[in-house]
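Feature list (source: TrEMBL):
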type	residues	note
COILED	1059-1112	coiled coil
COMPBIAS	1231-1244	compositional bias 'Acidic residues'
REGION	1231-1260	region 'Disordered'
TRANSMEM	7-34	transmembrane segment
TRANSMEM	49-67	transmembrane segment
TRANSMEM	87-107	transmembrane segment
TRANSMEM	113-133	transmembrane segment
TRANSMEM	145-165	transmembrane segment
TRANSMEM	177-195	transmembrane segment
TRANSMEM	224-245	transmembrane segment
TRANSMEM	265-287	transmembrane segment
TRANSMEM	299-320	transmembrane segment
TRANSMEM	385-403	transmembrane segment
TRANSMEM	870-891	transmembrane segment
TRANSMEM	1160-1182	transmembrane segment
């Protein structure tokens, strides 16, 4: 299916580019023909209108580029060029635009159709000459110099044949000599258009300082220069057409008096030309981005000129032969006689079809030649063929151009400006030229090897959830083996940060790994066995897992596992008594370790040895730019292709600081079904709109790729490591850490993007209570971060080019809609009560408000669990109510026999948009069926859940994956340890580790055991309090209270020995940290990650502050909703005097004699919401095209997958299931490749692509 999609997309793209180029060229040549003297379709006195349309075709691209450049100048930084650069650009644009205008408006209307089609190819003459100069200055006088030299000679030959034909035909025709001279001279001027493509390379290999400064200044100030260039081109074109019309004896007054038939002909022709030119330029760009340069760009554009020639010449020949046949041999007639008697002797009045008149007009342009003479035909054909072959050879270098997928436009084309008069020539010649060498195909566009750190945070995941992420990491190991030297796009290393991994075991002197941590180790061994035995007959032989490494660390412990293909998984077991726990602190832990220690330390050591500081800074900048962190949750399931698609975004676009993929919730039950549709709508419309018109505001931590350079930017990492000291910090920092990190990136000017083709799967809450608690965290955090961004609109819009003020206004409307959602739901229910029960609108509104008002009061009085129980009961009631509402809306449309009321139009339009959006996502179209559940749950999601999350804002517990003691288990309370007790505990652990060292030495003789100095240090006198839950206790695995009395002695066993004894499938050899890394961890823990002290006074103060903050925000939140409802209630009291009336019409648009009354506030809100959804829908369509382009480009540049095996993989009589199902792919090497263009560097790569199956299990 995927292969078929790729083939159909490439074929469709090639046909579209060819068809649009054909339409653009043919319609423009037709305009030239209509302006020719003697043509009858448009009379001579009406020619100025045609010339004006030709001028419009010339300046349209300049106008569009001018608008785009002005937009950039308003919302992005634009630098001013020097006076010398400005003068050079203006002079060059005057020459080029003057040449284009003279060639097309003055000269070409006097030439024949064959010459007009092919003379535009002669504009490549200077490009061919400059290619030779560029190759020679680069000292690359090799076989690549031959094509441009040949092209230059052919273009000169074509021009010589053209001059000879026209001059010798009638040497006494002075006017014709002028037209011919103008055609040749202006064509040369047009060839100056692409000077920058070659001068930038010439100045690199010569000592031309002035030329180098010019190219640098042009590149630096391109936006301002484009504005000036567009104005110059428009002015010059207008001057040429304005001066030529009176000089040619024509009158502009005819423009306002042209007949309607001629108006339609000209309007259709120029409309086709303008639209097809714009679309051809856009689709040609997409073809290059999807890595289809040869098939969908070069070849269609080459064939376009030949197709236009055939389109014009073949009808001329057919009509001529039909006329000769109609004479039945009664009269011998040649082409000259045909022109005199039929073409020029016809009546000028247009009757019947226009096509015969157009064919005869085209024939008229050839009548000056004697087509019965072989000499004339040969000269005309020779010039046409020479020009076409010259263009082909002048652009032959494009066949060897290595294009990376989704390459930036500025890396593909020198100028953003296309030429509507000769669309295919401008696209081909504007494509970036590079000096051709024998090794160019392998060296061009090679990026620095990226380093990707996979960073997963774990806590209380189940074994199945752990299996998902471990299998995904092992897949990536197979996909990008470290030992495969030919794969240089990226390398990776996986890190898993396991929170609260240790427990206190009664009777033992040392802390042991808890059950969750031991389960992870067992799953690592299982998955390793699966992947190492994957090509064997199942159960026939089992390979031995190599020895792995276990290390003691100041924060707990570390397990280092080398996967079958050489990449490492490092599991960091965190002891919450040694290091701060919870997700944000795990993220801070890996940010400082991976970026601070692993990335920066080596450069610091080199600097201490005396290496050049500037060189080191350049290396650091490059490595930071090409180092990425893939943030993962402990249950994320993903494919290697999903990671590659995110890497593409960061590699190609240097201002992208983060990119996220499409998150799919997994699980079963109504709560998950609701979330499936909710996630789908959020990604289909909201995230795509943010990506297209601005920036994605939240890149979820379950599957997002971050650039190290962005994370290490000023005020990002350091600010992210800030302790929560105020009540608002607990809401914004700790409850939605992913969104807050993105807020910091956006404030620093980095762009956050969304890639819809990068799929990842994560478990969603299946329980109603867990879902409510999850959204209780997300809701206030989202509100806090968006308000934070909106409050800094002026600063952000200046610092971040993607965050314009219009986009911030869009976000303001979105957050306002979210705040007013409870009142909106009440108004909707009131409308239903008024319609169904016949109540007065005011009383219906009062009845609709009473239940949520009561629930709001109860939420302030009752416990959270009771609140959720009541919300569940009310949700069921509201679901039945929404079912009736939905049926009543449909029933009212049927009853009134109309959908043309504001509410009906809104509902129908939303339904159409959602259905079309689903159809645009064919792999997810089945999610539409969950939409019905989503609709009936709207009151629960946007009314009850909003009330619950706002009232419980002071509850800062995590709310999900919280494990409680087993029923009946003794509840123990942990009392704070005194300093003496802490010292005793520390020495007991030290004694335990010392004894354990003897046992470990049996496995690793001579290795020393490092005891963390952190354990010997006393606790600081003052430390920050841990965020407390003021309503729901943040319970985890219960820790046993350390008894004051000495416990009964048992053989001491530390966690290392425990793990070595438990890991029967693989041997764990103990190693140690080097002294420098150990010191780094001790310093990091002391500065940022020390466990928070249990300060009851501070916790009480924070609880009071949170409660006070909750009350303030709730007052503002609900008073806004109350004001909205009060305004609506007031308008309903006044009734018809303030309502907006719309005439009610039936399905046949006939008036029913009644009016529909709509209150103005609600009407304006509907208009605003509809506009927002329409913007999202348009952005979605745009985004889908680029997603398809990226995906096809990825499939075209990655090795083709082999046939999957039919066997299903079982381990221990258990089928391994994950959400992201894949078919097993053999490791055997494939000789088939998806494309011949640029795959030489991948020829030794084992083709291991994966296909997704939504219904099956995981085949690894």
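Cβ atoms are placed via backbone N, Cα and C, with glycine included.
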Averaged over the coiled coil (1059-1112), the pLDDT of the predicted model comes to 87
Listed stretches 49-67, 113-133, 145-165, 177-195, 870-891 vs the transmembrane segment (265-287), most Cβ pairs under 8 Å: range 49-67
Thinking of Cβ pairs under 8 Å, which stretch from 87-107, 113-133, 145-165, 385-403 has the most of them with the transmembrane segment (177-195)?
-> 87-107
Annotated stretches the transmembrane segment (7-34) and the transmembrane segment (385-403) touching (3 or more Cβ pairs under 8 Å) | no
Could you tell me what the rest of the chain brings near the transmembrane segment (49-67), counting residues at least six beyond its ends with Cβ under 8 Å?
-> 28, 31-32, 34-35, 42, 97, 100-101, 104-105, 109, 226-227, 229-231, 233-234, 237-238, 240-241, 244-245, 250, 254-255, 258, 262, 266, 269-270, 273-274, 277-278, 281, 416-421
Find the member of 113-133, 145-165, 224-245, 299-320, 870-891 that has more C-beta pairs under 8 Å to the transmembrane segment (87-107) than any other listed stretch.
-> 224-245
Can we call the transmembrane segment (113-133) and the transmembrane segment (299-320) in contact, meaning three or more C-beta pairs below 8 angstroms at a sequence separation of 6+?
-> yes
Between the transmembrane segment (385-403) and the stretches 145-165, 224-245, 299-320, work out which stretch tops the count of Cβ pairs under 8 Å.
-> 145-165
